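Q: Below are the features I grabbed from TrEMBL:
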DOMAIN    A:22-258  domain 'ABC transmembrane type-2'
TRANSMEM  A:21-43  transmembrane segment
TRANSMEM  A:63-85  transmembrane segment
TRANSMEM  A:110-136  transmembrane segment
TRANSMEM  A:148-171  transmembrane segment
TRANSMEM  A:183-200  transmembrane segment
TRANSMEM  A:232-255  transmembrane segment
């Protein structure tokens, strides 16, 4: 806590003083336009209906609800990954990675602090996007509060988990732009944010299952669209948690060597 | 004229050395567009399978043509987006201090921004262009009125794209926050220009805003010429509009460059970032 809370406070200060609108508008635009695209396609092309194959593949006939939950989860994932995975390469670019290595603070609490700050800003962004979705007429049924809370926690662990090895990759190769965007477009295709992964060929589907975001999405949708009790969503929640923690463990193992490579290579990132 | 040609040659060489074969190009100009195209296709698939969808949009009856429609959108979007990306890189000149040096030389400012945009476009987009064309030929979705329409489509894509790139570069004379430009013109651009949806699906007010962006009309011409077998006569209205729009963009660029340079001389902002 001695590391996490000051990090949280510092990142809030940075956000309030610089870039706040760029980040806010950027995240919000992606979510709103994804829902907007689905809305227009649904009404202008589908005539207010989705094809028969969708309900079977998605487990719900509510196309707009499905995409809205996915778009919210996508905003959440992208923003969390951007903050947590890029925290250390940003330190490196700003010249403070060495200080971080010298300080007696551990990495996990530091990253938890970054993650908590990202969580607080992202929740605001997601709420604004959901307000937009409701305004244009998307109707989300009342969710099961316990399952929703569990899914939210599991999704946070999952996204935090995949961010840590990504951070190690970024500082060791000294590059963030290509790494992050490749992950985002790959997740967009594999994890089922905007369409059921059942549409994909089997090898791609399995690749998607290896990312905890896929099971997190299933749990989130079960909670919000199906009003599923905790017992029904439990297998997905456990899978998501297990995968997320596995990524986290691997990532924490990799961070040390990655920091050594980054510091040996020197300032350029 | 010779001076302008030398600017083009120098910028061309610079962009070639900087961009050609770089990892960023392979990822942002081939891998990302292809994956995004697949995601878009699957996202709209449920509504195209809805009962009666084929009456509202006949294209959906043939999945191959639907994919070609979206791929043409991805192709044009990639071309235009490569210019947003190059404008974003242009702002690095500011950081490395070479923007000020460029404005100290007697080189024509207009030639500078045009050369920067067009040579970045060539270095960036050839990969996806070749890929798109090869895919279209291989899948048999290319439907041309006559081979000359290929040139018309290419021009309708390249000329407005270069004008657009020059305009973006001139905007960066004023704004130092290039990340904002990047954010603002990434997602909203595909949405309002009908990249992933047919134009009839968009509300009138979005269509009206979309007309300001040359990508919208370029895309109408590209899809008409390459996929629907239309000839110059069918597309004359759109082509004229594109020509006028490109001219307006270039005019605005010239004006912005002049005002921007004067502003920069007064405030010394060219070396600030």
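Backbone N, Cα and C atoms are what each Cβ position is placed from, and that goes for glycine too.
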Q: Quick one: find which recorded stretch in A:21-43, A:63-85, A:110-136, A:148-171, A:183-200 has the most Cβ pairs under 8 Å with the transmembrane segment (A:232-255).
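A: The listed stretch sharing the most Cβ pairs with the transmembrane segment (A:232-255) is A:148-171.
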Q: Select the range from A:21-43, A:63-85, A:148-171 that forms the most Cβ-Cβ pairs under 8 Å with the transmembrane segment (A:183-200).
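A: Out of the listed stretches, A:63-85 contacts the transmembrane segment (A:183-200) most.
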Q: Mind checking which residues of the chain, 6+ beyond the ends of the transmembrane segment (A:63-85), have their Cβ under 8 Å from one of its Cβ atoms?
A: 11, 23, 27-28, 30-31, 34-35, 38-39, 42, 46, 50, 54, 111, 114-115, 117-119, 121-122, 125-126, 129-130, 133, 138-141, 155-156, 159-160, 162-164, 166-167, 170, 176, 180, 183-184, 187-188, 192-194, 196, 213, 216-217, 220-221, 224-225
